Amino acid sequence: MKQYIFFLALIVLTATFAEAGKKTEILDKVKKVFSKGIAGVADLNNMSELGCPFIEKWCEDHCESKKQVGKCENFDCSCVKLGGK
């Protein structure tokens, strides 16, 4: 009995989306958002691979001028003092 109710509800939902013509529009929007998200992650990955050596070198030079050691993580430069003297 539960299976019949489930399939009946599924048919009603499918018919509702098909009649309104929204089924393909909703799927297209979801696909566009998903593809934009994937492209954004790929772009961010490419930028970090290309930009990290330059930013890390700048960070090391910046912290060296303060007589500290620099470390770059996720485009964030942090300087740390070595020793207590």
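Using N, Cα and C of the backbone, Cβ positions are placed for all residues, glycine too.
Bond annotation: of Cys52, Cys59, only Cys59 is listed by Swiss-Prot as forming a disulfide with Cys77.
As annotated in Swiss-Prot, Cys79 shares a disulfide bond with Cys63, one of the listed residues Cys52, Cys63. Each of the disulfide-bonded residues Cys72, Cys77 was scored by how many other Cβ atoms lie within 10 Å of its Cβ, and the smallest score goes to Cys77. A straight line from the CA of Cys59 (disulfide bond) to the CA of Cys79 (disulfide bond) spans 8 Å.
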